[in-house]
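Annotated features, as they stand in Swiss-Prot:
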BINDING   His83, His182  heme b b562 binding site
BINDING   His97, His196  heme b b566 binding site
BINDING   His201  ubiquinone binding site
TRANSMEM  33-53  transmembrane segment
TRANSMEM  77-98  transmembrane segment
TRANSMEM  113-133  transmembrane segment
TRANSMEM  178-198  transmembrane segment
TRANSMEM  226-246  transmembrane segment
TRANSMEM  288-308  transmembrane segment
TRANSMEM  320-340  transmembrane segment
TRANSMEM  347-367  transmembrane segment
Amino acid sequence: MTNIRKTHPLMKIVNSSFIDLPAPSNISSWWNFGSLLGICLILQILTGLFLAMHYTSDTMTAFSSVTHICRDVNYGWLIRYLHANGASMFFICLFMHVGRGLYYGSYLFMETWNIGVLLLFAVMATAFMGYVLPWGQMSFWGATVITNLLSAIPYIGTELVEWIWGGFSVDKATLTRFFAFHFIMPFIIAALAGVHLLFLHETGSNNPSGLSSDTDKIPFHPYYTIKDILGMLVLILMLSLLVLFSPDLLGDPDNYTPANPLNTPPHIKPEWYFLFAYAILRSIPNKLGGVLALVFSILILALIPFLHTSKQRSMMFRPMSQCLFWLLVADLLTLTWIGGQPVEHPFITIGQLASILYFLLILVLMPLTSLMENSMLKW
């Protein structure tokens with residue numbers, strides 16, 4: 001008799017995705033981040049659901065409702081900090097996942113990659129809206145500054161911003177709609193992740209060598225299920241250490257002050273995972289130019305498959321490209337640091353140089369280096 005997991009309509013889908021899925025035998029721990037992102041998403045949906053039971057999306061009570069969750073709700077502090085720091089872990093996994101894709105040439109699976117870029121935008125939008133909800137000083141001013149960027153769009157900018165605000169400033173209408181969108185977006189992200197997986201399973205996974213692994217496949221279960229569980233344990237350990245020992249390490253102290261439209265904080269900055277893009281935005285003196293650079297800094301990922309000039313897929317056997325990749329990583333870390341600094345000398349100059357280098361590396365230096373490596377191989 002055939003096993004039920006191979007015949008039952010629902011079990012069949014699970015079986016072909018997580019049990020009998022043929023996987024390359026040599027994929028490293030860099031391939032763990034997909035499953036870790038799934039765990040992060042589930043954690044965020046669950047903790048978010050419990051937070052939403054106690055949160056009120058009204059400007060008068062939002063801040064005190066978050067305080068109430070932390071002080072009066074059973075383990076409310078734990079749920080709140082798991083949610084806030086879970087977002088940080090989510091972005092760490094996201095950046096690692098994208099970095100893996102860049103290094104090993106996974107972006108040549110075009111459909112999977114483009115849905116991944118769409119997912120990145122969706123997660124960033126969700127995180128931004130979530131940061132507004134506690135209605136602290138940085139929530140309010142972050143929302144004001146970031147939504148105001150849309151006013152740089154010619155002709156329709158001002159009307160668009162007021163339409164998003166639901167008035168003439170960030171107020172009750174803005175908070176209510178941000179809460180509604182923040183609640184629905186994770187489910188849209190989950191659906192997109194399903195499509196992401198669907199396209200991935202059409203082609204099968206890439207592997208560190210970048211070569212075809214059709215001749216050497218192993219079943220996903222038990223090999224990679226066990227491997228993924230190890231990754232999950234490490235993730236849970238790191239998140240637990242963060243939540244239980246220093247839950248406010250990655251937050252902003254200004255957000256413990258209730259929102260006050262009459263008092264601007266000295267340094268308005270987003271959460272750490274947006275600082276690299278914020279630094280690129282600030283490095284351009286022109287408002288529209290800054291907004292375009294900000295959008296393009298993420299959208300540039302969609303161009304990467306077209307900028308692939310190497311005869312090899314992976315960077316595993318390309319030492320010169322590897323150097324440029326790690327230079328890009330260092331550049332992004334520099335941008336992250338600059339984004340959190342005040343706008344003054346020498347940070348302005350460093351930010352401008354790092355921003356130029358970011359676009360130069362991706363658009364010019366990496367494709368040219370790949371061509372040079374091709375000629376060195378006499379191809």
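From the backbone N, Cα and C atoms, a Cβ is placed for every residue, glycine too.
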Long-range Cβ neighbours of the transmembrane segment (77-98) (under 8 Å; 6 or more residues past either end): 30, 33-34, 36-37, 40-41, 43-44, 47-48, 50-51, 66, 69-71, 116, 120, 123, 127, 130, 235, 238-239, 242-243, 247, 250-251, 271-273, 301
From the binding-site residues His97, His196, His201, pick the residue whose C-alpha lies nearest to the C-alpha of His83 (heme b b562 binding site). His97
For His201 (ubiquinone binding site), which residues in the same chain are close in space, meaning a Cβ under 8 Å from its Cβ, but six or more apart along the sequence? Ser16, Ser17, Leu21
Under an 8 Å Cβ to Cβ limit, what residues of the same chain, 6 or more beyond the ends of the transmembrane segment (347-367), are close to it? 279-280, 282-284, 293, 296-297, 300, 303-304, 307-309, 321, 324-325, 327-328, 331-332, 334-335, 338-339, 341
Which same-chain residues, if any, lie at least 6 apart from His97 (heme b b566 binding site) yet have Cβ under 8 Å of it: Phe33, Gly34, Leu37, Gly116
Checking 113-133, 226-246, 288-308, 320-340 against the transmembrane segment (33-53) for Cβ pairs under 8 Å, the most are found for 226-246
Do you know offhand how many angstrom separate His182 (heme b b562 binding site) and His196 (heme b b566 binding site) by C-alpha? 21
Beyond a gap of at least 6 residues from its ends, the CB atoms lying under 8 Å from the transmembrane segment (226-246) belong to 29, 32-33, 35-36, 39-40, 78, 81-82, 85-86, 88-89, 93
Other than its own, how many Cβ atoms are within 10 Å of the Cβ belonging to His182 (heme b b562 binding site)? 21
10 Å Cβ neighbour count around His83 (heme b b562 binding site)? 21
